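Participant: Okay, so TrEMBL annotates it like this:
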TRANSMEM  B:21-43  transmembrane segment
DOMAIN    B:71-251  domain 'ABC transmembrane type-1'
TRANSMEM  B:79-98  transmembrane segment
TRANSMEM  B:110-131  transmembrane segment
TRANSMEM  B:137-156  transmembrane segment
TRANSMEM  B:200-225  transmembrane segment
TRANSMEM  B:231-254  transmembrane segment
Amino acid sequence: MNPQPEWLQTRSTADDRGASYLSIQDVNKTYRTRNGDVHAVEHADFDIDEGDFVSLVGPSGCGKSTLMSMIGGLETPTGGRILVGGAPITAPRRDFGYVFQDPTLLPWKSVLDNVLFPIRTQKRVVADYLAEAERLLRLTGLWDFRDKRPAELSGGMRQRVAICRGLINDPRLLMMDEPFSALDAITRDDMNLALAKLWDEVHKTAIFITHSIREAVFLSDRVLVMTARPSRIVADIRIPFARPRIDTMQDEALFSEICAYIRDEIHQAHDKHVSR
Amino acid sequence: MKLIHRLLGIEAQDIDGLSRQILMPVGFALAVLLLWEGVTHVFSIKEVLLPAPSAIWSRLQESLPVLLQHAWPTAWESVAGFLIASVLGIGLAALLSASHTMRSMLYPNVVLFQLIPKIALAPLFIVWLGIGFESRLAFSVFISFFPIVVATLAGLDNVDKSLLRLCRALTASNWQVFASVRLPHALPYVFSGMKIATTFAIIGVIVGEFITSQAGLGYLILFASSQADTALILATITVLCVFGLVFYGLVALAERWTRTRFGA
């Protein structure tokens, strides 16, 4: 076997745990069904440092969305614990932002009002956030569309509105659950570039879920590779590309090498499962 | 009914669309009236059996003061019945949507009540509330209430699950979810229930007037029937139709206004 490439990280040791912003410690999620228990997530165990853009990449059904829901406080782990700044998560937090697979915009509200929806819901003063809303909408090229209804926008624009909405309350962590998976390939590439550009401006901690390996490598500072049955993390990769991320990065040999490594990890686990 | 909705919804439609939506149905109706007119003359049908449209029209003109005088109680009772039913219906639907207990207790019974031929209960209302307007109003409320409850509840329930998840992630309160997501989402449903309810409210009042009344279009129909004045019966029904259309049109206008102002 080849020597380990330097971008492949070894698991963090037990004694430096808890120093990170977000600490996922031996987390399990088991659903009880009539046909027996379903282990959606098994032994998820990793830390996330503040400021890192971290992708969870893996096949469908590997439990990555469940894991994100637990980090977001929308579901409770059946084992282990998740700490934010040392305190366990028990419910959704107001200093988190969320972007889901569907844009989930309110169809009867304008783009601007949709972006401000979390502010109104959390009873913050809207006037304090108008400038931030304008900044985010300008960064995503949506300012001219601020008075439009979601139905008047394209799928990519709607998802950009959802990202602005996720960022409006200046969250410490933004969670994105396959935000681009419903878009066509070309739009998706555009969205990746737009998101990379946005990240050069907002510098936030992010957890990004995807089953596109290239997308994960292009956007992230770190990629966690998950496999299904058993659901576990098989590789932890620090992406050695500087920011700002540019399109041509995807043509570099190292980029392809990392993508190939991740693909192999996922396929190996899958083959093992199939041959069992 | 659809025609009126379309009429109110005319925007920049091309001539072909206009002719399909307006000229064709109106033209067909006129043709039927002409045929009716012709048949009554050619076969010299007695006016007591089937008066010609022209005879109904002249009866309508000569009896207009009487018709309008009787239209008033029917109109206000059905509009008031409709408004009360709307408030109660939307209120009950909100309650059922908010409380699981209430829903388990009440909703199956609401559905069961839906199945009762409600007109059969009209005499009970006379027994309970007497022969004044109260019994007709109450019966009108009773009969127009159900479509509003059922439609509103469907709208409140039918909200996208992912929107509810977003609300949970944003730590929205139940009240916020109701006011900013469920209710605006339900508006089109509420109005479709209300549009059905306009007709039901009128039916409620007319049935009440059939049973016992000294005034109103229902009373006038019964009276004309006792006089074998078929032209007056049909003239009264024409007035009822016009009232029904205006009533429905006003609700459709209210819907347009509300939806451009608040919702989907």
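Every residue, even glycine, has its Cβ placed from backbone N, Cα and C.
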Participant: If you count Cβ pairs under 8 Å, which stretch among B:21-43, B:110-131, B:200-225 touches the transmembrane segment (B:79-98) the most?
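Facilitator: Most contacts with the transmembrane segment (B:79-98): B:200-225.
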Participant: List, by number or range, the same-chain residues at least 6 past the transmembrane segment (B:110-131) whose CB is under 8 A from its CB atoms?
Facilitator: 92, 96, 138-139, 142-143, 146, 149-150, 203-204, 207-208, 211-213
Participant: May I ask for the residues of the chain that lie six or more residues beyond the transmembrane segment (B:200-225) and have a Cβ under 8 Å from a Cβ within it?
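Facilitator: For the transmembrane segment (B:200-225), the nonlocal Cβ contacts are 66-67, 69-71, 73-74, 77-79, 81-82, 85, 119, 122-123, 125-126, 131, 135-137, 139-144, 147, 232-233, 236-237, 239-240, 243-244, 247.
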